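Asker: Before I ask anything, here is the structure I am working with.
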């Protein structure tokens, strides 16, 4: 057998699909998994899916030696300790100049630690975000490689063919930057995804709970929305979900799904990083809190018994107007959510000196990934117009769109509140916009309070310098 072009270790569904994708694009690939049955399963799939050049190995030594030099091995294993274990297994057989690529959802600092450790051994290392789920891995994901640029150049020809292809903007891959930037960008991508999903769920809730739309009507509405400015993968699959009947009973499957949302941690990491960087990300944070609250199913059931009652206003609702208002509210909220995600990336890039290109990130998210949307083209153009844009909200096009939609946005949030329907994502987005657009906030009072009880000092609007006032003494003297 001739030497293969690349290797892949870790053959759960994502690993299998990415290996088959690479092979299908004309690159012979070696595959390895600690559980050998997965190796055989992958090779069998390769035969069934077109006699693809996938070669399986049951031990790490023969796996590594089957790859042409300089060797490149992609790992797709669970983040954390399993990655370190896999690296140790592979590195024992790799030689100076070989390269390891971690394609999992890894914490960016772990990637930086591993890159440094590999460098000391003469090995190259990349942390590569892979978005698109199982379908994306097989047919074209969005790829976010960061770390050794030399390592990226080793594999660039493969990634350019394996990534999702968007007709007007090319392959959905680019070299992100140094260190753990690829993993960091993928993490924030997932945080934005949390926000997107939450906002869509709230749109559904308002339309169903207040507008009384049926699943059939909801499918029609979301299908229609997917023809305009909301055109996206998540809107498309949402429309699909509303049309699927329950095969094990009557009615629609979506109504039988337990209202508890799982998570794997990247959304939490995003919110933690926003806090570390002092970046406001209330929409993404609200989406995370909503998942936490969804997990309290038993408590919510008991609370619903205590707080029984009809919270609806009972007022008639114009369905057509509500549908249009919710569409506009969803779009305006979405702008805020993406603005927050981009600001997190921008702040981290500045802190670490990564020099990340935000417009290029929007470009590679246009295809393959979970948040792919026509809207991303607008974001790319905004950053192309002004790479130093302070916030997406102040881009002239987005600013006008927000202004055009804010009346509908406010109507939806007020309607939801008055009917007892929680819209934490939309409400947080609106509050973010209202805070950001004001030249003066009540923060002056908070700072005065801090100076009162903790002598934290304050600045004045009418003169330079730092000031402290003995508020307590003045207040007491004035009462005498």
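Every residue, even glycine, has its Cβ placed from backbone N, Cα and C.
Keep in mind the model is a prediction, meaning the values are calculated, not measured.
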Asker: Of 51, 105, 139, which one shares the NADP(+) site with 10, 11, 12, 13, 14, 15, 33, 34, 35, 77, 78, 79 in TrEMBL?
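Answerer: Only hit among 51, 105, 139 in TrEMBL's NADP(+) site, alongside 10, 11, 12, 13, 14, 15, 33, 34, 35, 77, 78, 79: 105.
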Asker: Among 71, 291, 300, 411, which residue does TrEMBL name as a further substrate binder in the site formed by 105, 131, 132, 133, 189, 190, 194, 264, 450, 456?
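Answerer: Given 105, 131, 132, 133, 189, 190, 194, 264, 450, 456 bind substrate in TrEMBL, the matching entry from 71, 291, 300, 411 is 291.
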Asker: Express the distance between the Cα positions of residue 186 (active site, proton acceptor) and residue 291 (substrate binding site) as a whole number of Å.
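Answerer: Approximately 20 Å lies between the Cα of residue 186 (active site, proton acceptor) and that of residue 291 (substrate binding site).
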Asker: Relative to the Cβ of residue 193 (active site, proton donor), which residues of the same chain, six or more apart in sequence, are found under 8 Å away?
Answerer: 234, 267, 370, 371
Asker: Would you pick out, from the recorded positions 186, 291, 456, the residue whose Cβ has the largest number of other Cβ atoms within 10 Å?
Answerer: 186
Asker: Which one is it, among the binding-site residues 132, 189, 194, 291, 456, that lies nearest to residue 14 (NADP(+) binding site) by Cα separation?
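Answerer: Given the candidates 132, 189, 194, 291, 456, the nearest one is 132.
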Asker: Among the binding-site residues listed here, 78, 189, which has the most company in the form of other Cβ atoms within 10 Å of its Cβ?
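Answerer: Top count of Cβ atoms within 10 Å goes to 189.
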Asker: Need one number: mean pLDDT over the domain '6-phosphogluconate dehydrogenase C-terminal' (182-472).
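Answerer: Averaging the confidence scores along the domain '6-phosphogluconate dehydrogenase C-terminal' (182-472) gives 95.
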